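Asks: Annotations for this protein, taken from TrEMBL, read as follows:
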type: ACT_SITE; residues: 209; note: active site, proton acceptor
type: BINDING; residues: 40, 41, 42, 43, 44, 45, 46, 66, 126, 149, 150, 151, 260; note: NAD(+) binding site
type: BINDING; residues: 113, 119, 151, 185; note: substrate binding site
type: DOMAIN; residues: 179-342; note: domain 'Lactate/malate dehydrogenase C-terminal'
type: REGION; residues: 1-28; note: region 'Disordered'
């Protein structure tokens, strides 16, 4: 059982974090009202994601949707003494209400990865789920920033784009594939090898969000550390295989739900800050892009009042990273095309 002193420490830490967010974002001005909708809120990612967003002082309304189980999650989370009002919605007939007026929509819905499964094995189930949810977003919250977590992100983002195009609501600045977990992992693994504080570390991660399409740019990591080539290669491989590492460690009982929820909450917070006019909010994301010849690509994005205000190029790459970039293109192109084809069939 948690001691009262530990509970007080946890509560004060959350309070400090909230006040720090508020100070950093707004000085003395009250935060604007912002509605965030989570589609798939009763799932393995959705529940901890709901908890983390309930702790975010930038959220005034938290809308939790799933095909089942959401009233319980909403009731549980709603008892937390933070700013946002929480409402749970269950079943397709309530999806419209869940989405109406949303500023940010996060989609962790779908089935998780099991041992031996690739992200591509998830395609047939999760592609259909994202397609139907995207159609509802186009109808009920066409101006929301849409954060897609459902794998395979390399295909589900193009699916959503095609659905929005057909509905006449597509805005390339408002659709994001959440690749933040790759960044979180790269920072953590790099800090361990470079023997620096992880709080000070930044590592851009580009490409896509599966296997070799994930390309961490350790040559651009800060603070700089002169790591040997074999260490950089091992860090790259571990970042690319991070999801598999967790799936195997959980031995068939789940995938990376907790770290993904953290990454999803972190990126949603960046989107909210951008919407609220906080300057220089820059995070990598999988977006429509002219950075390479591929129509979608993850690189650093400046988030603002209209969503993706600027998509940055790759900067200077090491020879190893240049080779990694060439190696990922065929697989990423195939995954994008698979999504487009699915959406249009």
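Easy rule for this one: first residue shown is 1, then count along the chain.
Keep in mind that glycine also has a Cβ here, set from the backbone N, Cα and C atoms.
Heads up, TrEMBL stuff is auto-annotated, nobody curated it.
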Asks: So what pLDDT does the domain 'Lactate/malate dehydrogenase C-terminal' (179-342) average out to?
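Replies: Averaged over the domain 'Lactate/malate dehydrogenase C-terminal' (179-342), per-residue pLDDT gives 97.
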Asks: Between residue 40 (NAD(+) binding site) and residue 151 (substrate binding site), what is the CA-CA distance rounded to a whole number of Å?
Replies: 13
Asks: Restricting to the binding-site residues 46, 151, 185, which ones have a CA within 10 Å of the CA of residue 209 (active site, proton acceptor)?
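Replies: Cα filter at 10 Å returns 151.
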Asks: Taking only the binding-site residues 42, 44, 46, 126, 260, which one has a CA atom nearest to the CA atom of residue 151 (substrate binding site)?
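Replies: Sorting the binding-site residues by distance from residue 151 (substrate binding site), the top entry is 126.
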Asks: If I take the alpha carbons of residue 260 (NAD(+) binding site) and residue 185 (substrate binding site), what is the distance between them in whole Å?
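Replies: That separation, Cα to Cα, works out to 10 Å.
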Asks: Over all shown protein chains, what is the count of other CB atoms within 10 A of the CB belonging to residue 151 (substrate binding site)?
Replies: 29
Asks: Using a 10 Å cut-off, grab the number of neighbouring Cβ atoms around the Cβ of residue 42 (NAD(+) binding site), all chains included.
Replies: 22
Asks: Any idea what the Cα distance is from residue 46 (NAD(+) binding site) over to residue 185 (substrate binding site), rounded to a whole Å?
Replies: 20
Asks: Looking only at C-alpha atoms, tell me how far residue 42 (NAD(+) binding site) is from residue 185 (substrate binding site), rounded to the nearest Å.
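Replies: With distance taken Cα to Cα, residue 185 (substrate binding site) is 25 Å from residue 42 (NAD(+) binding site).
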